[in-house]
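Listed in TrEMBL for this protein:
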DOMAIN    48-160  domain 'CMP/dCMP-type deaminase'
BINDING   HIS99, CYS129, CYS132  Zn(2+) binding site
ACT_SITE  GLU101  active site, proton donor
Amino acid sequence: MFLYKRLSPSLTCQHYYIIYDRNVKRLRIKRCVKRKGSIRMEEKNRDSYDSKYMKEAIRQAKKAALIDEVPIGCVIVYQDKIIGRGYNKRNKMGSTLAHAEIIAIQKASKKLNDWRLEECTMYVTLEPCPMCAGAIVQARIPKVVIGAMNAKAGCAGSVLNILEEKGFNHQVEKITGVLEEECRIMMKDFFRELRQRKKEKKMHT
Ligand SMILES: [Zn+2]
């Protein structure tokens, strides 16, 4: 404990960091092989990489809003290329299955000619529902980047955590909060407009 205390300021320094070693159940000090600057640069690069594809998912979500569907969009990336795009078309297609993620998975699988999407990353504007989280696990997608969380139906940790369920034979790495504000506001605005329209309709009838 003393050691931890003494070294804790160095958690932010470029030379050492402290990890909890599960095997020996104690804290260990590790020398950092990279300089602080390069770690920051790596994080910055990863952030802008994630934002770039999340912006594309948001673009998809806006297409849904244009046809009065709940604005949820998704893209699947393979080797730095988008191989599947999808947006919510539940009403348009009259199908429970027409969620953005399912549509994007189908397109990506068609492109790769494989149901396994093992080297792909999914970007989705809203935390996946139980059906889509299940499909992500089934498709063996290794990583999902999420915009806004969904407290009422999300299965990447909000209601359930299907993506990281140890009982399954595949776990999905998740990154949350990428362009969260933008994704959240997009949903909020959509439902506000919907309520407004319903109100106006009631007034005119
Ligand atoms: Zn879904």
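Placement of Cβ uses the backbone N, Cα and C atoms for every residue, glycine included.
Listed binding-site residues: CYS129, CYS132; maximum Cβ neighbour count within 10 Å falls on CYS132. Listed in sequence order, the residues ILE72, ALA100, GLU101, ILE102, PRO128, PRO130, MET131, ALA133, ALA135 complete the 8 Å Cβ shell around the Zn(2+) site centroid, once HIS99, CYS129, CYS132 themselves are left out.
On the 0 to 100 pLDDT scale, the domain 'CMP/dCMP-type deaminase' (48-160) averages 98 in this prediction. Taking Cβ-Cβ distances under 8 Å and a sequence separation of 6 or more, the neighbours of HIS99 (Zn(2+) binding site) in its chain are ILE72, GLY86, ASN88, ARG90, CYS129, MET131, CYS132. Residue counts for the domain 'CMP/dCMP-type deaminase' (48-160) under DSSP (helix as H, G, I; strand as E, B; rest coil) come to 45 helix, 27 strand, 41 coil.
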